[in-house]
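Peer 1: From Swiss-Prot, here are the annotated features:
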REPEAT    1-84  repeat 'Solcar 1'
TRANSMEM  3-24  transmembrane segment
TRANSMEM  60-80  transmembrane segment
REPEAT    96-179  repeat 'Solcar 2'
TRANSMEM  102-122  transmembrane segment
TRANSMEM  152-172  transmembrane segment
REPEAT    184-268  repeat 'Solcar 3'
TRANSMEM  190-210  transmembrane segment
TRANSMEM  240-261  transmembrane segment
Amino acid sequence: MDQAIAGLAAGTASTLIMHPLDLAKIQMQASMNQDSKSLFQVFKSNIGSNGSIRSLYHGLSINVLGSAASWGAYFCIYDFSKRVVMSMTPFNNGEISVLQTLCSSGFAGCIVAALTNPIWVVKSRILSKRVNYTNPFFGFYDLIKNEGLRGCYAGFAPSLLGVSQGALQFMAYEKLKLWKQRRPTSLDYIFMSAASKVFAAVNMYPLLVIRTRLQVMRSPHRSIMNLVLQTWRLQGILGFYKGFLPHLLRVVPQTCITFLVYEQVGMHFKTQSSKSQ
């Protein structure tokens, strides 16, 4: 429960701060136009739609819901699976191996992806402004009514493949934590989380673009391979990295905030637990 609360708090805090960049990233990913807008142009377009900076927080509620739920569940499942796999190898000196980290984070990622995919479908559609959902609840209702279970799991295959991004990130993060011989400081946590996220993002970002486009499209005949070929034909290799700048500007600070809050909240619970014993 402590891990879930820490993860939920971390996910909520980071999403509240970084939402405008997520909005820009989704809109850039969803665009199939050959002429790409810059990050500044996307912000300007959103603000110009109603003349208020509040437009940059369009869809905030569904984003907070998804991030809080996914991070809370992820850290809880990851911590549980990590303890299980480590207990199966008693001669590990208390250190988790690369394979154990990949297995634990991969398992947690698959479970969370299955649980939260409908939230991300509604989020992608609200933030891309391709549909006129008045609120997230109407979005879920419309999605289930018109597209059923298949619509709820649009983009699920790339999400599962994208689990490897989280696995790569946690593998790098755990190894960096072991590299620090002393107790890590807040600055150490920021550096380790940023480095691990950049490492994973560069390798796996094209899957996020394909996932967003599958979720935004409402055609029942959407195909991953057709979308990959269409993106390559119309936009080339750069098409698979549309929105990468706002993605990095968002996820690196967001990951730093998430992991720092998670580690600090987790440390608080450990301290309180030791005092009560």
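Note: Cβ is positioned from N, Cα and C throughout, glycine not excepted.
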Peer 1: Report, as numbers and ranges, every residue of the chain located at least six residues beyond the transmembrane segment (240-261) whose Cβ falls under 8 Å of a Cβ in that stretch; write 'none' if there are none.
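Peer 2: Apart from its flanks, the transmembrane segment (240-261) reaches 6, 9-11, 13-15, 17-18, 21-22, 24-29, 31, 36, 39, 42, 71, 169, 173, 186, 189-190, 192-194, 196-198, 201, 205-206, 208-210, 231-232.
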Peer 1: In the repeat 'Solcar 2' (96-179), how many residues does DSSP call helix, how many strand, and how many coil?
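Peer 2: DSSP composition of the repeat 'Solcar 2' (96-179): 71 helix, 0 strand, 13 coil.
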Peer 1: For the repeat 'Solcar 3' (184-268), jot down how many residues DSSP puts in helix, in strand and in coil.
Peer 2: 74 helix, 0 strand, 11 coil
